[in-house]
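Student: Among the features that Swiss-Prot reports, active site, O-(5'-phospho-DNA)-tyrosine intermediate is placed at Tyr334. Positions annotated as Mg(2+) binding site by Swiss-Prot: Glu12, Asp106. Annotation source Swiss-Prot lists domain 'Toprim' at 6-137, citing sequence analysis. What Swiss-Prot lists as domain 'Topo IA-type catalytic' is 156-601, and the listing cites sequence analysis. If you look up Swiss-Prot, you'll see 189-194 marked as region 'Interaction with DNA'. The site 'Interaction with DNA' annotation in Swiss-Prot covers His36, Arg166, Arg167, Asp170, Arg336, Arg532. Under the heading zinc finger, Swiss-Prot lists 620-646, 667-699.
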Amino acid sequence: MTNHSSKILVIESPNKVKTIKKYLTDDYEIVATVGHIRDLPKYTLGFNTEDFVPKWEIIQEKKPAKGVSATKKAKTVKKAVKNKKEIIDELVDKAKKADEIYLATDPDREGEAISWHVYDVLKEKGVNVNKCKRIIFNEISEKAVKNAIANPREIQKDWVSSQITRRRLDRLIGFKLSSLMKSKINADSAGRVQSIALKFITEREELINKFVPRFWWTLDVILKDGTELMLRKIDEKLKDKLGFKELEEVSGIDFNTKEDAELVKQHLSDKYRVYAIDTPKLKSSYPKEVYKTSTLQQDAINKLKWRSMKITSVAQELYEGVTIDDEQIALISYPRTDSTRLSPEYGKTVLDFVAKTYGKDYVATQSQLNGETKANKKQKAKVQDAHEAIHPIDISITPDSVKNKISSDQYSLYKLIWTRTVAHYMAAAVYELVNIRFINNNNKFYAVNNTLKFDGYKKIYTHYDDKDHLRKLDLNHFAIDKEFEAKDVLLNEHQTKPPARFTQATLIEALETEGIGRPSTYSTILDIVLKRNYAELVNGRYYKTTDLGQKLAFELDKNFPTIINKEFTKNMETTLDEIAQGTVNDVSYLQAFWNDFSEVLNEAKTNIVKKVEYIEGKNCPNCSSQLVRREGRYGPFVGCSNFPKCKFIEKSEQKAKEIVYEEGVKCELCHAKLIRRVAKKKGRNKDNTFLGCSNFPKCKYTKSLEPEKDETIRDSTII
């Protein structure tokens, strides 16, 4: 009888097990850690500020929240995965019997740290860790998995050190600032990155409040044939005669007063003569780079109208694997990356697909693929580039081929990624521009003919691309010295717009541009400022700071200007990269930071004065102390000034409501549960109900109920 060796493959997500298993032989067993297995203690710093040695703890299972119904508790327990202790016990038991242990956690620094934690725990439990091998793959395909197993490596200790340094820095700043701000202004948290995001939102709000619009006028002509003319140059004699003092000539002329524009209008005749037709110029429009995490987030927010957390969730599903024709298949590569790089081998596969599907004329040139803009070069200096851009694993699996085999959300996001990837390897679109120049009493105008000569990548990307501003004129209609009559001469008023509030897409763009945050943290950053009531979404889209957010941003900016700023965060990311490369010592860096930070922290404890707003004539019914206004996570409230000795809170007039969660449906914007609500105005439902997002008022998604629909209630609890 032949003894077969046994092997263990350790991954993070249990959702990957079925997808990976089909590429392995029967002697492999897959064990999922379900994310991190150890972390710093939840309620203490977790290390001293002398040697910074972390005190790791096994992550404890979360307890059900207070007020959750017995039914919901039972369902929670029934659906719960194994706790971390059970996972570790199972892993240790299997590892002791295994001949080889492959640590296949995610291919980034956090994944490297999880592998190290597994390695360290196994070592503590007496497992022979010489059996451990670190492997990585950026996509779950047969080729990638088998290639990774064939090329194992050691755990990158410097990567682990960099990740643990980030964790300790965030703990230092988060714990110390959060404790201070909680005691002074009742703000729940003040993390390093979330505070920068809040600073961006607050500064933008200040610019909006200070904004003073500037007005200007343009003189626009519409000929009887519908051709639109733009004023390009005013007769010099007329300009001198009328005494224009402020004129700005760009592509056209802007008048600073309506009176100036009116004076020029009065000196125009009805006839506009063509005096020149320019030689046609060709202009190319190139496809954008393949997606990285930030650009996928921005595009899906803008084009699919999704929230950031939903994008992260659906992308993870496509990466871990979906069931298609009874087979588990991963559709995209690792979705957390700051790289736009793809391998030449993969690129050739896509180029061949383009040639076969659309024709050789649609294949991108090599010079086009090798080209880099100045912006790209500047941005790449901030990129870790640990793995490739987000792309379909098999480009031949078209969106249409899986449309009816995966969920509508999965299809929408896969189509977005697939289209962007294929478009990148397609030829540029080519436009032809011709300027037709007119003259009227020595005042010069022009019209533009802008037509698409070759669609190139727009053949597949038009649905997602910004609309082309094409102006198609019949060039045969125009000839030198031919005159045209005006239908209308319009004086149009314009005004500058205030800076736009951040959306989730533009906030991600701003954070990335400044080198703040990582691909794995964008959605969390955007979500936490809403959850903490530091900002709200206006019209479900635009970030606006709340009163609490403004107070927090003000105190942080006033007392921690050297910490809560983009330069510190950028420099910190650079140092973390250097630690990952082994050129900077982590403890020395942490010690230097703590020496400076602790000094500023002590000053802030003295400088920040806790403001209390007493309510005249109102006393606590329990202890007779005066009532005060306070700011909480869910907004302002009235409570006892003798807190925490007395915990009286004045109840609002709103009565407790029963929350009924709808079975089997989620919010299309943020993926939260939907709740049955009662409309104020009568609709066609007899009981006047509709579905609304449980994340209201942060998310205002609603969905109507059919009159005859009687859905099963999932959960019911009183709040």
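Glycine too: its Cβ is placed from the backbone N, Cα and C atoms.
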Student: Among all chains shown, work out which of the recorded sites His36, Arg166 has the most CB atoms within 10 A of its CB.
Tutor: Arg166
Student: List only the single closest residue to Tyr334 (active site, O-(5'-phospho-DNA)-tyrosine intermediate), chosen from the recorded positions Glu12, His36, Asp106, Arg166, Arg532 by CA-CA distance.
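Tutor: Nearest by Cα distance to Tyr334 (active site, O-(5'-phospho-DNA)-tyrosine intermediate): Asp106.
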Student: C-alpha of Arg167 (site 'Interaction with DNA') to C-alpha of His36 (site 'Interaction with DNA'): distance in Å?
Tutor: 13
Student: Taking only the recorded positions Glu12, His36, Asp106, Arg336, Arg532, which one has a CA atom nearest to the CA atom of Arg166 (site 'Interaction with DNA')?
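Tutor: Minimum Cα distance from Arg166 (site 'Interaction with DNA') across Glu12, His36, Asp106, Arg336, Arg532 lands on His36.
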Student: Out of Glu12, Asp106, Asp170, which of the recorded positions is least crowded by other Cβ atoms within 10 Å?
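Tutor: Lowest Cβ count within 10 Å among the recorded positions (Glu12, Asp106, Asp170) is Asp170.
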Student: Here are the recorded sites: Arg167, Arg336. Which has the lowest count of other Cβ atoms within 10 Å?
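Tutor: So among Arg167, Arg336, the recorded sites given, the one with the fewest Cβ atoms within 10 Å is Arg167.
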Student: Which of these recorded positions has the least crowded Cβ, counting other Cβ atoms within 10 Å: Tyr334, Arg532?
Tutor: Arg532
